[in-house]
């Protein structure tokens with residue numbers, strides 16, 4: 001295990017010593033006027049399952065000791081869940097003989113990871129508090145804990161999401177922003193979910209952790225604009241050479257081995273920081289959608305301000321994650337509390 005990983009793991013105890021809502025600003029995104037019937041509630045399980053969030057956090061820590069990449073995987077899984085049918089844990093449902101579920105869409109498979117963390121937490125919660133904690137809430141809590149344990153902001157997450165019963169692979173591609181998107185497409189995709197352009201740029205910072213399959217950006221290396229053998233001229237030349245070594249072309253048309261992966265941000269791949277924005281400023285964004293953030297004056301200014309520390313990115317990231325976690329949630333009598341996250345009751 002490298003020094004980066006050891007340093008990351010050493011933050012576990014320190015991170016857990018803090019309250020997840022230690023500062024009022026970390027609760028940004030909660031309704032100022034309180035909660036009405038059927039709305040998400042802070043500390044929802046305080047009376048019915050007081051150990052719920054601690055159990056989820058323990059399983060996230062356990063999972064990250066097994067594979068440190070699960071942190072990025074759980075954050076991404078929460079995002080992919082909320083952008084398709086809302087935050088209803090439909091991403092966790094397995095395919096059946098008559099239906100291909102979201103998790104088996106080419107957009108999600110094989111790139112999504114961390115399902116076993118959610119499953120382990122659910123098994124323990126069903127033993128402790130049967131039929132109480134939804135899979136959708138477990139995923140929201142796990143994403144929050146992954147952010148905090150990766151050096152990101154600590155914030156509280158309201159509970160009360162219920163689990164959906166439908167999961168269709170056919171709905172994924174139309175709802176998840178593609179790595180090839182330009183700025184207009186990104187803005188429209190996030191706006192369709194009630195998120196602003198500023199929140200889109202803020203949430204893009206999650207690309208500072210995790211990995212990407214070479215197939216997601218190989219056209220920028222070998223087939224730019226559909227021209228075989230041509231690389232994206234906007235890519236920083238040393239970075240382009242680095243990516244071509246990591247993702248060598250395996251065919252004359254620029255195809256690459258689908259199993260090859262690279263870190264999203266190679267300098268601190270396990271730390272949620274703002275180096276991603278430094279990379280974008282230097283034309284080292286991995287995806288076209290990353291580099292697209294410089295395509296307008298307002299978004300470019302936000303990237304610059306975040307990179308140079310004059311934009312309160314961690315606070316805004318916490319608020320944007322909270323807002324995203326409330327997209328089209330099922331509450332009250334809608335949906336169900338699954339007994340097993342991978343299957344409907």
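Every residue, even glycine, has its Cβ placed from backbone N, Cα and C.
Note that the structure is predicted; figures quoted are calculated from it, not measured.
The following features are taken from TrEMBL:
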ACT_SITE  80  active site, proton acceptor
BINDING   81, 84, 86, 88, 90, 102  Ca(2+) 1 binding site
BINDING   177  substrate binding site
DISULFID  49-129  disulfide bond
DISULFID  82-87  disulfide bond
DISULFID  135-341  disulfide bond
DISULFID  214-247  disulfide bond
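Counting neighbouring Cβ atoms within 10 Å of each of the recorded positions (82, 84, 341), the lowest count belongs to 341.
In terms of Cα distance, the recorded positions that sit within 10 Å of residue 102 (Ca(2+) 1 binding site) are 80, chosen from 80, 87, 177, 247. Put simply, 80 is the one of the recorded positions 49, 80, 81, 84, 341 whose Cα lies nearest to the Cα of residue 247 (disulfide bond). Long-range C-beta contacts of the residue listed as 'active site, proton acceptor', restricted to its own chain and to partners at least six residues apart, with a cutoff below 8 Å, comprise 91, 102, 107, 108, 112, 172, 176.
The recorded positions listed here (49, 81, 214, 341) include 81 as those with a Cα within 10 A of the Cα of residue 87 (disulfide bond).
Compute the center of the Cβ atoms of 81, 84, 86, 88, 90, 102, which mark the site for Ca(2+) 1; besides them, the chain residues with Cβ within 8 Å of that center are 80, 82, 83, 85, 87, 89, 91, 164, 167. Counting only same-chain residues at least 6 apart in sequence, those with a Cβ under 8 Å from the Cβ of residue 49 (disulfide bond) are 125, 128, 129, 132, 133. With residue 88 (Ca(2+) 1 binding site) as the anchor, the candidate recorded positions are 177, 214, 341, and the one with the nearest CA is 341.
Taking a C-beta cut-off of under 8 Å and a sequence gap of six or more, residue 214 (disulfide bond) has these contacts in its own chain: 243, 246, 247, 256, 257, 258, 260, 261, 262.
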